[in-house]
């Protein structure tokens, strides 16, 4: 009976770890779309005073931010690589712009806590999927079709105009009710047969 309770306890603990209820990794949304780009939100505990936060794309370091507290209440923030970041009381926001489908990857927030001790490293992350712009794809598909349809309509219009012009010209030439009637040429050199007949 005791072993059954022990297994049940381990099973519940495993479920809590997998769902992220213990470390809080599943309690917030990491990616927020912001002004045509993506804001990646990396959270840290409120009690942390000195830390290093790295934004990783796969295994590559994109951004590196270090917060240290010197003498007094001054705070110095070092950003080693070029990246736009924003620090708040319990999170660091990294901003990425001009992304396309090639930037889709796993992004991780690597937090190294220096103060308060003990030294601790946590890694949270998620997959950022970037869709190709739907308008761009639709234009790529419909632009050649639209151009081909325009050319076909122009050609058919020219053929129709030529046919109507020819039909109008040919019908006016043979119009029996027209102002001028075309007569057949008469050969005056022939003599009539009635002149030889006497009454």
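The backbone N, Cα and C atoms fix where each Cβ goes, glycine too.
Since this is a predicted model, take the numbers as computed values, not measurements.
Here Swiss-Prot flags 1-20 as signal peptide.
Residues or ranges marked as topological domain 'Extracellular' by Swiss-Prot on the basis of sequence analysis: 21-140.
According to Swiss-Prot, the feature domain 'Ig-like V-type' maps to 30-132.
Under the DSSP three-state reduction, residue 42 (disulfide bond) is assigned to strand. Residues or ranges marked as disulfide bond by Swiss-Prot: 42-109 (among others).
The annotation disulfide bond is assigned in Swiss-Prot to 63-83 (among others). Residue 83 (disulfide bond) falls within neither a helix nor a strand when secondary structure is assigned with DSSP, and so counts as coil.
If you look up Swiss-Prot, you'll see 89 (among others) marked as N-linked glycosylation site. DSSP gives residue 89 (N-linked glycosylation site) a coil state; it is part of no helix or strand. Contacts of residue 89 (N-linked glycosylation site) defined by a Cβ separation under 8 A and a same-chain sequence distance of 6+ are given as 46, in order along the sequence.
In three-state terms derived from DSSP, residue 110 (N-linked glycosylation site) belongs to an extended strand segment. Residues or ranges marked as N-linked glycosylation site in Swiss-Prot (evidence: experimental evidence): 110 (among others).
Positions annotated as transmembrane segment by Swiss-Prot, on the basis of sequence analysis: 141-161.
Positions annotated as topological domain 'Cytoplasmic' by Swiss-Prot: 162-199.
For residue 83 (disulfide bond), other Cβ atoms within 10 Å of its Cβ number 15. Cα-Cα distance from residue 42 (disulfide bond) to residue 110 (N-linked glycosylation site): 9 Å (rounded to the nearest whole number). Taken together, the residues of the domain 'Ig-like V-type' (30-132) have an average pLDDT of 80.
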